[in-house]
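Lifted from TrEMBL, the feature list:
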| type | residues | note |
| --- | --- | --- |
| TRANSMEM | A:6-39 | transmembrane segment |
| DOMAIN | A:11-424 | domain 'TRAP C4-dicarboxylate transport system permease DctM subunit' |
| TRANSMEM | A:60-78 | transmembrane segment |
| TRANSMEM | A:98-119 | transmembrane segment |
| TRANSMEM | A:139-167 | transmembrane segment |
| TRANSMEM | A:173-199 | transmembrane segment |
| TRANSMEM | A:220-242 | transmembrane segment |
| TRANSMEM | A:279-300 | transmembrane segment |
| TRANSMEM | A:320-350 | transmembrane segment |
| TRANSMEM | A:362-388 | transmembrane segment |
| TRANSMEM | A:408-428 | transmembrane segment |
Amino acid sequence: MSSITIGIIGIVVLLLMFAFRVPVSISLFIVGTVGYSLIRDVDSGLVQLATTPYSTASSYSLSVIPLFILMGMILSYSNLGKDLYNAVDSWLGRIRGGLAMTTIGTSAIFSSISGSINATTATMAKVAIPEMRKYNYDLGMASASVAAGGTLGPLIPPSVIMIVYGVLTMEPIGQLLIAGIIPGIIQMVIFMLIIYIWARIRPSSAPVGEKKKFGEKISSISKVWPFFLLFVMTIGGLYFGLFTPTEAGAVGAFGSFVLALITRRLSWESLKKALSETTRLTAMIFLILMGADIFSQFLSISRIPSEITTFVGNVDLSPLTILILMLIVYFILGLFLEGIAILVLTMPIVYPLLEQLGFDGVWFGVIMILVINIGLMTPPLGISIYVISGIVKDIPIQRIFKAVMPMVLAVVLCIIILIIFPEIVTILPDLMRG
Amino acid sequence: STEDEASGSGNSDNVNIDYASFKPSTHQHEIELFPEYFNEIEEQTEGRLTITTYLGESLAAADDTYDATANGAVDMGVSLQSYSADQFPLTSVLDLPYVTDSGEKASEILWTLFEEFPEFQDEYDETVPLILYGTEPYQIATADQPIQSLEDIEGMRIRSPSPEVSNWLEYLGATPVNMPVTELYEALERGTVDGSILPMHTLTDWSLEGVVDYVTVGNFFSAQLFMVMNREVYESLSEEDREVIDSLSGLEMSKKAGALFDGTSEEAMAEFEEEIDFYELDEEESEEWRSAIEPAVDDWIDRMTENGFPAQEIYDRALEIDNELD
Amino acid sequence: MKNFIIVFNNGWMKVTRALQFVSNLLLFGIMLLIPLDVIGRYFFNRPVTGALELTELATGTLVFLSLAITHYYNEHVSVDFIVDKMPKRARNVLLTIIEFVIFILLIVMMTQLFSNALQYIDRGTTSGDLSIPVYPFIMLAAISVLVFALVALGKSAKHLIKAVEKS
Ligand code: NA
Ligand code: NA
């Protein structure tokens, strides 16, 4: 059997295992290990089974995840999250879908600066979804706004994936980072518009809040100072380079712990719960990330990503058709692989081709990040959705996947806009080029 | 892999070697030198050996590559010794400051030490080293503040690639910060670190020219890299094929790999002459830095001697080889 | 037999709880350690030596320690839509098989982790700046995976009994 055949069978088996309720992480482990063993040999498959998970679990850049989640848990258990949404409701509650739109904006800021979509999604899910539920928001809409907001991170600087793209293609990193800003804002506005339309079509999914007196509005604001302080401390500290994302997470968790203590909102019991829930959610997310790494090693050794991109690159069609086919390939890869892995596996093949077809490299970088992002919100391997379902346990995953579909369409819409009007992407970098 | 039919490597006269590298496809060594080296192996073994390349950590993370190769998860791998914690204590002699000032010489020192000292060979005994090479000298690159004296570096947060280097950075008065190179661009841009000790080719390889404004040229040390093969895989090859590999690897190939760094480094420095302010420490300043760093060398020798290694001999021999090459 | 499985699962619950307790402590520990490092760095020019590697070791360990209890609570995400529509007995048969497969996978993984740990002892591998031996952490990961495996085995047995019992 050729390695490509094994790769394809592997993907089919993976989907079957997902469908028959094998945990997502375990399915990735099994298919990845068995596939790797079949293509190389059993010994090497077994070695990967131990070394890859341990190295993933103890990677510094991923340690941001438990710390930010802990911050979210403490905020939630100490009711600081409740005060925040109370304030948002008193100011924006009269706008239909206002809470969901605010969630999108907050997630976008959080994700773009913390650099971790998973940490953002988990934290915001814990803080925002239970609150939106109290205001009788549809859980689907609440989940969709958290998932969508988180995906804006890689577009808005700083952005590790943009840097990796720049390193792989030799496109100037400064221009790439700047290029993502306007598309990021457009994407955010489209997400908010989707919420607005959704709330118009189905008013029950986003009830309008009661009208609040001005006094109430002011007093609601006065209660959110701890949250504001934390935001300035973590996001500000990160932005001004005082510390790394992991350190920001720890400072945020520690800060919320101290604030909850001095405002006497955190009992011993809730602290224990916050810690336990954090470690369990972390274990769940990391087991998927470990599995995804093993699976990704299997896919790279099967050579599917490089063969499929080479194939599409060599078809004799118009540049635009090739571009669209290429984006479809990236969409499919995005269903199964993590963003940076996709870039590393395909860019050496795809980038020279794009240059040859006359596309702008900076522009393509932005488009590709959008395409890869779709995979975060779609089955089979939509990690943002899995993270949310780890927090909102009482609705089935397939319902969350369905609820997020409008947001996926919003990303597609944004991609189409950027293909028709590439200037939206290139205007800022062009100014830089002078 | 040598055991599996499926990979088309069922018998010893037709073997596919899976080679894992953390380097991206844009890295100088992966563009030309290594592909040529692999082609040569394939040609001289008349196609009995083929090498498949997996770049950018797609099979093994940079800090797992040595283990992955030793254990057989991959057949062959390239990475830095400093990633594998204390697996390579004696190799870290090149982490000490002012041992040599070029990649080519660093590579010759490494390979010669490897050949001459059994203790040095022990560090690699789980694998078969094909190439041991060093980078061009590291310089100190900073984002906003130039470093021209020991006062300037006092208290600055400088990214360091290994514990040994961290040790002497502290003697210079800097605060060493550990950080993967992938996070460096962002860290420099945001100011999480003030600078980094770097070989100049990384300006191009990691596109750091956009965030580095100053470089203090002091030719501090050379980082070490290995290309090793899994021992079982190597031993399963026919004697004829092993001879081909041996003849193409070793000292000459190592020197070429080091020299490639030197060339890229010169190109990078010429290319960024306008954007980056290069400050060369003069004789007198160098002397001052040298005496500040000196205790780090004694630290290393003491520590290694305590562990039963002929540290003084190795250090002296390294300096001697460097002298012979000058 | 049924009683034995119930006792086993309950007893085992205590072990998984204990592991999670250690995991929580580690998380709380790095939550305190990292700000200490940041404060030390900025205000006293004295960062905590090895804060980075301690964070890595603690994160790695806390993840492994919590895997078992997460499985105990069925929190490792899976997709239910087909299984939900199956008759009860078929579902229990399927879950018996799935849990058993998980058990096998984890036992294999545990063996691999142990042999890694032995290798590290052999080599005397230690972490970067603090020279902490690495093998105890790998051992702990292996033990955590073993506990995780036995949780899966317990679940498999539980579903098997349900499948065999008259419904
Ligand atoms: Na970002
Ligand atoms: Na997906």
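Using N, Cα and C of the backbone, Cβ positions are placed for all residues, glycine too.
Bear in mind that the values here come from a model prediction, so they are computed numbers and not experimental data.
The average per-residue pLDDT of the prediction over the domain 'TRAP C4-dicarboxylate transport system permease DctM subunit' (A:11-424) is 89, rounded to a whole number.
Counting Cβ pairs under 8 Å that are 6 or more residues apart, the transmembrane segment (A:320-350) and the transmembrane segment (A:60-78) reach fewer than 3 and are not in contact. Residues 7, 10, 14, 23-29, 31-33, 35-36, 39, 48-49, 52-53, 56-57, 62, 65-66, 69, 118, 122, 336-338, 341, 345, 381, 383, 386-387, 390-391 of the same chain sit 6 or more residues outside the transmembrane segment (A:279-300) yet have a Cβ under 8 Å from a Cβ within it. The transmembrane segment (A:220-242) makes no contact with the transmembrane segment (A:6-39): fewer than 3 of their CB pairs lie within 8 A, with pairs spaced 6 or more apart in sequence. Here the transmembrane segment (A:6-39) has Cβ contacts under 8 Å with residues 45-46, 48-49, 284, 287-288, 290-292, 294-299, 301-304, 336, 379-381, 386 of the same chain, all six or more residues outside its ends.
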